[in-house]
Structures are given as structure tokens and as C-alpha cells.
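I have placed the structure first, in the form of C-alpha cells, so that the comments after it can refer back to it.
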Amino acid sequence: MLRGFDRLFALLAASLSVQSVLAEEQAVERWGVNMPKGVTEVAQTTYELHMLIFWICVAIGALVFGVMFYSMWRHRKSKGYKAAQFHESTAVELVWTIIPTVILILMAIPATKTLYEIYDTDKADLDIMITGYQWKWKYDYIGSDVTFFSNLSTPRSQINNEQPKSPNYLLEVDEPLVVPIKKKIRFLITANDVIHAWWVPDLAVKKDAIPGFINESWTRIEEPGIYRGQCAELCGKDHGFMPIVVKAVPQEEYNAWLDGRVASAVKMRELTGKTFTFDELFAQGEKVYNSMCAACHQPNGKGVPGVFPAIAGSKIATGPLNTHLDIVIDGSQVNPAMQAFGEQLSEVDIAAVITYQRNAFGNEMGDTVQPVDILNFKNKQ
Amino acid sequence: MAHGPQTGLKRWLYTTNHKDIGTLYLWFSFAMFFLGGCMALIIRAELFEPGLQIVQPEFFNQMTTMHGLIMVFGAVMPAFVGLANWMVPMMIGAPDMALPRMNNWSFWILPFGFAMLASTLFMEGGAPNFGWTFYAPLSTEYAPPSVTFFIFSIHILGASSIMGAINIIATILNMRAPGMTLMKMPLFVWTWLITAYLLIAVMPVLAGVVTMMLMDIHFGTSFFSAAGGGDPVLFQHVFWFFGHPEVYIMILPAFGIISAIIPTFTRKPLFGYSSMVYATAAIAFLSMIVWAHHMFTVGMPIAGELFFMYATMLISVPTGVKIFNWVSTMFRGSMTFETPMLFAIAFIILFAIGGFSGLMLAIAPADFQYHDTYFVVAHFHYVLVPGAIFSITAGVYYWLPKWTGNMYNETMGKVHFWLAFIGLNLTFFPMHFVGLAGMPRRIPDYALQFADFNQMASMGAFLFGAAQVVFLFNVVRTVMGGKKATDKVWDNPEGLEWTVPSPAPYHTFSTPPVIR
């Protein structure tokens, strides 16, 4: 909780140096004051709509506040101004009911048009299923074998201020969503546990990911580039650490990437039969642990008391192997926060992470779990 | 005939006097305002720069949740109820509230409700951490065990609000002085009458939704779990059917306060009294049919989006009428700028800005971009801080001499105003920018491009907090003593409350005044 207010004062003192940490050329972006214009037609229409409403509001504001400041300046008692006593005028009140209504109708027309455009998800060239998990995104390319998770790649040491922050701090992932440009891409959006929202400002796509329901949205990106966003619905403690990165590339590059992805999926399946050494498993397990488990059980395996149990010295990680396999593969019946990782991770990764958990943080079980063991366990069920 | 209050603790514990209960409500609200404010300062201290410095994300989420709940249910609503208790009987020429013993109850269950809510901070797993909107299933399947205490606490707060509302309606409809027709009532009384109906309409809905949560958590139902045949979006519909009128509950009485203050300091009658009444009623009605504009991104059918968009846009018409009427009242008046007037003018300007961003949010396609960003945080703080807090502050300064018989310190009042005004704008204006630039709300840490505006906002928040300490000091000093106030206090105030001595006697109007 509170780590002492002396840190706050140290921070206040350090605040001036924050400015110099950031490169000069980022200055313009750093002071971003408006919605991005975006890289899709919908985003640009939305931007224009936003600016239109904004300027109408500014104009009305200038008028109303103008009259107000004028009377505050002119009609002061200290200047000897005598108050008039009028207090009713049906005509005037009708005028300022009717004029705003007309303005609203004028606003509603372009808004309705844009809304129809956003809702038109028909005739997509490519369908991608997006699933929100606490706290990562899963992408399924429908019609191919390609499916993967996308995790925050900013190291914990940067978040805890032990290391300088990278330029894309908190907006970088290990596996970006790769899509082709100039293609209509339909997103099917859902969630596995709680409600999340998938949002990329440059694409003007924001849609809630709701467990048990599938929402639709679409985009057609005109320019190649990397577009960043974040989860936009409070989804628990790591809500702020759930970035989205979309990499839009030309069609050929996309095809090549997809082929590579399919090939590595095949290779991964072959690896299931291989026998690994303890060290290989332990090293891979540490990687998997840090991307999949550390958000709850903490990087040091100590958990969060009362919320997320510890791995260090836990009954499960130092007890019978089958109980451990069961909870990792099928999740917990008691605590829904513990997801079923059987479908999320490959056999190799599950074997590795279980080996790691049983031998790290002072747990010294000496177990070596092979991918085959995982496969056998799954098949028995 | 003239008997005074009991002495000591008993006076406050057993009191059925509307003035004592009003005072209790106001002090309770003030205490909660400081508690919720300290939580806001923890949030702003953490957001002073990127990275995790002061608190961990779990505790950050608890702070955002508790800050919201305490400010809504602990600070703003009880303050308005306190003002109603003090002023409504005096404004309509009644000797007291219609149901004085229930009045005592509706106050005294509040501290217990909040003690229960605050106690969750010390429970294993921590306090509620799912935001003040507590969307299921985060608040049901994935919530800390303390959620059960949170649910009971909400039930208690709701019961208190409903009792308070019944009392106000009964008082206004039955106890007006002879000759005071409905269309002669002060606007503060009118706005509270309408607010009380809103409360009775929607507080049971909140009680219903938390009961459904309780059933899901402990009794095996699945209202909000798709796996059991329920619907997580159902929660949002029920919640916002309460939640949207709720935000109007927190603003309508403010309209009444401002409509009392502006004419006093412009020395000119309020412009368009009857259209003010109709506009208030129209806003209350519209507030009940626009709830789903909080849910534009849940995936509603387009017909639903369009209906809620149009209905929401329509609210700006009656709200505009109110603003135009206040400005017309000021136009060709003879203005002076005492502290209540300064707060009232700031209310009009800043509330209008909050209204503009509200209109922008109503435009569904643009809302897809604004939704759940700091733009929304900026919007509702511009509506609630100047709207509710500034109007309450203005009301306190305006009526304090009548309550205590002493004048507050004008210089200190002006210092309070300017510090609060600058602090508020410094805190919340930059939030529009970071929101538009892409910063989601409710995140404990953020990307580097949002750093500068967040730093500004945090400094503004501490300034705003410091301003309130000046306020506290000024109020305590005035209660203790000071320059004696006249009966009329201000130059040309309107209303029955100014016909009685300052301080107002413990029992007013034992013979009803006659209104011509």
C-alpha cells in the first residue's frame, strides 16, 4: 500500500528531470491535445464529426459567456448600475428552445450517417476473433490454424522505476496483431472472464468484450504502420497493463507472416513428443511464468495475500503432481480468477511452467514434467 | 411554548428538529468530502508521473471505487439532504419536517452504512475494487469477499435516501403556509420535490441490482453470468437505469440553490420562473429514458443506439433554457460579487462547459472514441464538482449567516473561491486532452505522452484540496462567533427564510405565515 510519503517528495524533486528523460523529438506527440485523425475512413469521419460538434459548442459558449461577461462588467452595483425588473418573456424563451432544437437536428444527421457506416460489418475479407482475458488478448485468425496471445512486453522493472522507460512504455506487446492493409477486416470480440474493451484510437474501433457474447466491429486500414491502443473497460488490477498493438502491412508481407505462423504451429505440435532436459524446461518455464502467471502470483511467486495465492511453498506446487496439472490445465472451480490454461498454452509451455513452479521460489520438488505427460493427462480426461 | 434543544450528546442523538438534523447531515457530508478527497489525492499522487510509485494497482482500484462511492453517496447526496432539511421548512413556512422521527432515522443509519463500507478497507482481499459502477462479473464472480459488506452498505444508504425523499415530499405537499401555491414555491423547493420523486423511482432499482449480485454470489443464481444463462449486460442496464437519474439527483437541487443566489446578488427577479420549473421536470423525465448512453459500446442494435443518442441530445434543450434564464437574470441587473455569487457564477460557466462535453458524448459515433477515457472523467467532474460541490458551497456561504447568526469572513471566502476555482480547472481541464489523446480511465500507470498533463492535474488536485481546508476553517470560525448578521443578511433576498431572525430560532413558524 503506502510506501511512504518521502518517496512522493523525492518524486516531486525528480519531476523536473522527467522532462529530460524523454527525447526532444517526441515533444509534439507528448502534448497531444486532440483525438487522432486516424488511418481509416471511419476514424476520419468520426474525427470530423467530433470537430464539428466541438466548434458548435465553442460558438454557443462564446455567445453565452460573452453576454454573461458583458453584464458582469457593465451591470455592476459598484458602477452605480440600477437593476431592471423584467423577468418574463415567452417569445424569447420560445426562441431559445427552438433554435437549439434545430441545431441538434443538424448535428444528428451526420452522426446518424456515421453510425450506419460503423455498423456495416458485411462482406469482410478477413475475420479475426478477439478474446479478452485477465490481462491479455487472444487473437484467432478464423479459417487458419493461427492463434496466439498478446501480452504486455514492458518489463516490470520499468514499471517499478528501476530502469529507464522505453518510448512505447505500456503500449508494447510481445506479439502484435498483424493485418493486411486495404482489406475489410471484421473483428469478432468476446471475453473469457470479465468485461474488457478492445480499443485502438487510430482505427476508431472500440467495442466491449463480454463473456458469453460476441460483438462485431470492422476496420479497413489505408496506410501500413503500427497502431497502439489499450483495454478500455475496468477489468481488474492489471487493467492498465493490457495494451493492443496492431501492425498493418501490405498483403504480401501479411501472407509471408501467416505462412511462418502456420509452420511454427506445426513445429510446436512436433515438439510435444520430444523429451527436454530439466534446464531447458526450467528456462522456458520462467518465460511462460512471467508472461502468464506473474500478473497474479507476482514475479517473486509470493502472490497477493487474500486475493491471489502464493506459489512459493504452496500446497499445490509442493504436493501431488496430478493436483498441480489439474489446476493449471482445467483452472480452479473455487476461484474463477484461476483460468484453465489447457487450451491457452501448448503442452511444452504447460510442462515447462509446471516444472518451473515446482522448482523455483524455494520449492525444491525436483520434478521434471514432460510435454507428453501433459498430453497423457489431457487424454485421460 | 418556546422550548429549546436538549443538552449534550442527547441533543444530536435523539433530535427530531429539522435544523439539528440538517446540521448533522451537513457535517457528516463535510467529513465524507474530506475522506473521499484524501482518496482522490492518493489517486492523483500515484498518477503524478508514469510508473508505480506510491500504491500498487490493487489498492489504486480500491481508491477509485471508494472515492466515487463516498463522494456520490457520502458527500453530495447527504449535503443536499442537509440543505433540504434546513431550508425547505423555512422556505415554505412550515414548523418542521412532516415526519420528524423518521428524519432522525434516515440520518443516523448513514454513519453506520459508511462505517461498514469503510471497514472493507481493512478486510482480507481489500475493499471493493471494481469501480463505482461495479460492472458484473468483475463485481460478482471476480470480486474480493468484502463485496457482501459493500452490498449491505448500499442497501442502508438506499434506505436512508428513500426515507429522506419521502419526508421531503410529505413536507412540501402537506405543510406549505396558507397561500403558497405550488407555482409560488421557491425553486429550491421545486427542484427538491422533483429530485425526491426521482430518488423514490430509482433507489429501489439500485437495491434490486445489488440484491441480484448478492444472489449470484451466495445463492447460486446467475443473473449476470452467461455460463448459467444470464447476461452481463443486464447488470449495466439495471445499474444505469438507476445510475443516470442518479447523476441528475446530484444536480437538480443545485439548480434550485443557484436560482436563489443569482437574483439576490443581481437585485433582480429570476428570469422565467415557470420555464425553470418545466425545464426541471423535463430534465427529470428525460433522465429516466437515456440510461443506455453509458453503454454505447456494449453492442446494442443500431435502433437502440439511435434512440438513446437522440434522447440524450434532447436533454441539452431544457438545460440550455436554464442557463439562458440565469444569464438573462444577470443581464441588466445590479451585480455585486460576494462569495456565494462567485461560486454561483463559476457554477454556471463550468457547468455549461461540462454540458458541452456532455453533448459531445451524446453523439454515439464520437462516443465510441471518448468512452471510458479521461475525457469522460473530465466531463463528469466538470458537471459534479462545479455543479454539485460549488453549488453546495455557494448555498453554505449564502445561508450560513442565517444558520449561525454570524457573518463568515468574506476575505477568506474569496481566497477559498479563487484557490478552488484555479485548482479545479488545473485538475480537470487537462483531462480532456489526455482523454482525447487516448488515455483510458481507471489506470494506475500510463504511457509517457500523457505525463505532462497528468502532472498538471495532480498539482491542481492538491491545490483544490488545500482550498477546502480554508473553507473548513472559515465555517468553524463562523459557527464559533464573529460579526453579527442582520435578519435579511443580504441586500435584497427573496423568501420566507429571510423574514425570521438570524440565527433562525430553534422552532420557526409555530403560527404559519400567510402568503398573499
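Glycine is treated like the rest: Cβ placed from N, Cα and C.
Residues or ranges marked as domain 'Cytochrome oxidase subunit I profile' in TrEMBL: B:12-516.
Annotated transmembrane segment per TrEMBL: B:21-45 (among others), in sequence order. If you look at the transmembrane segment (B:21-45), the same-chain residues 6 or more away from its ends with a CB under 8 A from one of its CBs are 12, 15, 53-55, 60, 63-64, 66-67, 70-71, 74-76, 78-79, 81-87, 97, 103-104, 107, 110-111, 114, 118, 389, 392, 396, 403, 427, 457-458, 461-462, 465, 468, 472, 475.
Residues or ranges marked as transmembrane segment by TrEMBL: B:65-86 (among others).
What TrEMBL records for B:107-127 (among others) is transmembrane segment.
Taken from TrEMBL, the feature transmembrane segment applies to B:147-175 (among others).
According to TrEMBL, the transmembrane segment annotation covers B:187-215 (among others).
Feature annotation from TrEMBL assigns transmembrane segment to B:247-265 (among others).
Feature annotation from TrEMBL assigns transmembrane segment to B:277-296 (among others).
Here TrEMBL flags B:302-321 (among others) as transmembrane segment.
According to TrEMBL, the feature transmembrane segment maps to B:342-364 (among others). Sequence-remote contacts of a segment are chain residues at least 6 beyond its ends whose Cβ falls under 8 Å from one of its Cβ atoms, and for the transmembrane segment (B:342-364) they are 251, 254, 257-258, 261-262, 265, 293, 296, 305-306, 308-309, 312-313, 315-316, 319-320, 323, 326-327, 370-371, 375-376, 378-383, 385-387, 390-391, 393-394, 397, 414, 417, 421, 424-425, 432.
Annotation comment: TrEMBL describes B:376-400 (among others) as transmembrane segment. Residues 26, 29, 33, 71, 75-76, 79-80, 83, 86-87, 247, 250-251, 253-254, 257-258, 260-261, 264, 338-341, 343-344, 346-347, 349-351, 353-355, 357-358, 361, 370, 406, 408, 413, 416, 420, 424, 427-429, 431-432, 435, 441, 471, 475, 478, 490, 497 of the same chain, all 6+ positions outside the transmembrane segment (B:376-400), place their C-beta atoms under 8 angstroms from a C-beta of that stretch.
Residues or ranges marked as transmembrane segment by TrEMBL: B:415-436 (among others). Here the transmembrane segment (B:415-436) has Cβ contacts under 8 Å with residues 44, 339, 342-343, 346, 350, 357, 369-370, 373-379, 381-382, 385-386, 390, 393, 446, 450, 453-454, 456-468, 470-471, 474 of the same chain, all six or more residues outside its ends.
Residues annotated as transmembrane segment in TrEMBL: B:456-476 (among others).
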Can you tell me the mean pLDDT for the domain 'Cytochrome oxidase subunit I profile' (B:12-516)?
96
Go through the chain and flag residues at least 6 beyond the ends of the transmembrane segment (B:65-86) whose CB is under 8 A from any CB in it; none is fine as an answer.
18-19, 21-26, 28-30, 32-33, 35-36, 39-40, 43, 97, 103, 106, 110, 114, 117-118, 121, 127-132, 134, 154, 157, 161, 164, 168, 188, 192, 195, 246, 249-250, 253-254, 257, 384, 388-389, 392, 395, 399, 403
